[in-house]
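Heads up: the structure comes next, in C-alpha cells.
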Amino acid sequence: MLKLPIYMDNHATTPLDPRVLEVMLPYLREDFGNASSRNHVFGWKAEAAVKKARQQVAELIGATDQEIVFTSGATESDNLAIKGVIEYYKSKGDHIITLKTEHKAILDTCKRLERVRQERLDELKLLRLGQLAERDVSPEEVAELAAKHDLENDATYKKWAEMPTGGARVTYLDVEQDGRVSMEKLEEAMTPKTVLVSIMFANNEIGVVQPVAEIGALCRRKGILFHCDAVQGIGKVPFDVESMKVDLASITSHKMYGPKGIGALYVRRKPRVRIAPIIDGGGHERGMRSGTLNVAAIVGFGHAAQLAREELADEAARILRLREKLRKGLTDALDMTVLNGSLEHRLPGNLNISFAHAEGESLMMGIKDVAVSSGSACTSASLEPSYVLRALGVDEELAHSSIRFGLGRFTTEEEVDFVVNLVVDKVRKLRDMSPLYEMAKEGIDLKSIEWTAH
Amino acid sequence: MAYSDKVIDHYENPRNVGTMDKEDPNVGTGLVGAPACGDVMRLQLKISDDGLIEDARFKTFGCGSAIASSSLVTEWVKGKTVDQAMTISNKDVARELSLPPVKIHCSVLAEDAIKAAIEDFKKKRAARKAQAS
Ligand SMILES: Cc1ncc(COP(=O)(O)O)c(C=O)c1O
Ligand code: FES
C-alpha cells in the first residue's frame, strides 16, 4: 500500500537505513566508551569500532584508513579542507579555483578567505601610505592618497601585498550550460599562485556529475591540490580517490542512509597532503580534528558506507530506471518542460525539471503529500531564485518553475507512478490559472512585454 | 512554511479564475508583476457604464499566497463601485489571509492589479469619449 507523505528529497538528506540503526544501538547503550581511553575495555571496544568504521569508509572511496579524518559532516570537511590547505601552504600561494555552482559550505568559506585577504591588504595600504605621507593616515583618505602616491606601482607595497595574508584570492568559474566545468577554462584559470582547486563530484540541486578524473589528472600535472566535495555522489556512482587523483574529499553520512552530524575528510598520504587544523584541542584524528569521537555515529557511518559499496551497482540501476520512468511520465504528459543540467552526466536519483509557467512554490503546495524542493525564490528567505540554476543560464522564470526530485534507496515504483499523476494534474491546474501559459499558448512572446518588475 | 487555512482554501478552490475579452470596452485589464520575479497577476474587471464592478476574473503565476490574494480580491471587488475598489489596500488582503512578512509583496501585487485594471478601464472610456466627440 502506498503510504503518504512520500519522501522524494533525498539530496537534502536520506532516511537512516534500519540496518544502520541496528549496528549503532549498542554504542548508544552499553558500549559507550571513549575511543581515546587507552586503559580499559570500554575504551578498547570503542577504539576497535572506530577502526572498523574507518576502514569501511576508506574502502568505499579506494583510500586507506589512515587517510580518513572524522568530522561533524561535510560543512566542516569543506571548511577544514579549504582553510586547512590555505593556511598550511600559505608560503606557496593563496589562489583557489572553484565553481559558481558549489555548495554554500565551499562558496562562503572562500568568501571569508577573500575578506580576510582584503582586510589585510587594507591594513597594509594604510601602513604604507602612512610611511609615504610621513603622518598618520585615516581609512577615509586611502583612496585619495593611493592615487597621489601611485600605490599600485609602489615597489614596497607590491612586495608586501604578495606576502601571505592568511586569506585567499578566489576564482569562481562559470559552468557550461549543461552544468559541467570546461577543462580549458579550468586550465586557463590556473596561475603559479594556485594552491587548490575545489570542484564538487555531483551537484546537490541538478545532480550533474563533474569530470572528476580529468580534473584530478590536470591538477596533478600542474602540482595543484584537488579537493572534491563528493557528498552527493559517493555511494551513488563509483568514486575512487586513486584513479581520480583526488587529494582531499568531503563526505557526509546523512546523504548515504547513515546518521546526521558525522562525516569525513579524506586527506591523501601519498603524495602527502598537509592541512592545518581549524579546531584545536586534544589532538584527535592525528591532530587534524580534535574532539571526542562520536562513536555510535561513526559506527553507523561505517556500516552505511559498507552497504553503499555492496549495493551500489544494483541500487544505481534500480533508481535510474525509476528516475527515467518519472522523467518520461512527466515530459510525455506535459508540454513546455525543461530539464535543468546534463541528462547524461547526472546522478541516477536526480531529476531537476522546470514546468514553464507554473510557479514552483505553488506547485509544491499542490503536491504537499510529496516532499521535494524547488529553485523558486518564493521558497527561499532571500527571495532570490537558485544561484545554481542561474549559473547554468536558466531563464529566471524557469528557475522559479523548477522542482528537484531526489529518488533514493527507499523510493518505490508505486510512489513514482503516484507522483507522476499528481504532478501532471497539479501542473495542468496551475497552468489553467496562469496568465503566462495562456499568453504562451496564444503565441505571445513573453520577452516582448514590458513587465513592471518590483 | 505553514499556510493559513484561508490561503489554502483559496489555493484549492480559487474563485473567479478565467479570462474576459480584453477588447470589450467595459472590461479593464491589469497585468502586474514580472515572470523573472516569479509572480505575475492578471485581473480583469467588468465595469458598467455607471462605474459598478459587475464581474471579476483573474489568472496568476506565483506562489500560493499570490494566488490566494488575487482570488480574494476578485470576491471583494464584485458589487463595489470603482471608487470603493480603489480603497482596497494590500494591508486588508494581508490581514484577511494572515500572510507572513515575506509574503506581503504578494498582497501588494493584488492591490496593484486592482488599480491597474481600473486605470485600463478609465483609459478605454476616455478614448471612447474622445472618439465620440
Ligand atoms: C554538495 C554538498 N556539500 C556539503 C553539504 C553539507 O553537508 P553537511 O550537512 O554534512 O554539513 C551538502 C548537504 O547539504 C551538500 O549537498
Ligand atoms: S509570488 Fe513569490 S512569494 Fe508570493
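Heads up, the Cβ atoms here are built off N, Cα and C, so glycines get one too.
Unlike curated records, TrEMBL annotations are generated automatically.
What TrEMBL records for A:6-136, A:151-417 is domain 'Aminotransferase class V'. Sequence annotations record features per position, and here TrEMBL assigns pyridoxal 5'-phosphate binding site to A:ALA74, A:THR75, A:ASN204, A:GLN232, A:THR252, A:SER253, A:HIS254, A:THR292. According to TrEMBL, the feature N6-(pyridoxal phosphate)lysine maps to A:LYS255. The feature [2Fe-2S] cluster binding site is assigned by TrEMBL to A:CYS378. Feature annotation from TrEMBL assigns active site, cysteine persulfide intermediate to A:CYS378.
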Entries of A:ALA74, A:THR75, A:ASN204, A:GLN232, A:SER253, A:THR292 (binding-site residues) sitting next to ligand 1, with Cβ under 6 Å as the cut-off: A:ALA74, A:THR75, A:ASN204, A:GLN232
Cα-Cα distance, maximum over A:ALA74, A:THR75, A:ASN204, A:GLN232, A:THR252, A:SER253, A:HIS254, A:THR292, record's pyridoxal 5'-phosphate binders, Å: 30
DSSP-derived structure type at A:GLN232 (pyridoxal 5'-phosphate binding site), helix or strand or else coil: coil
The one of A:THR75, A:GLN232, A:SER253, A:THR292 whose CB sees the fewest other CB atoms within 10 Å, among these binding-site residues: A:THR292
Among A:ASN204, A:THR252 [binding-site residues], residue with fewest other Cβ within 10 Å: A:ASN204
Which same-chain residues, if any, lie at least 6 apart from A:LYS255 (N6-(pyridoxal phosphate)lysine) yet have Cβ under 8 Å of it: A:ASN10, A:HIS11, A:THR13, A:THR14, A:ALA74, A:VAL231, A:GLN232, A:ILE234, A:GLY235
Conformational class of A:ASN204 (pyridoxal 5'-phosphate binding site) under the three-state DSSP mapping: coil
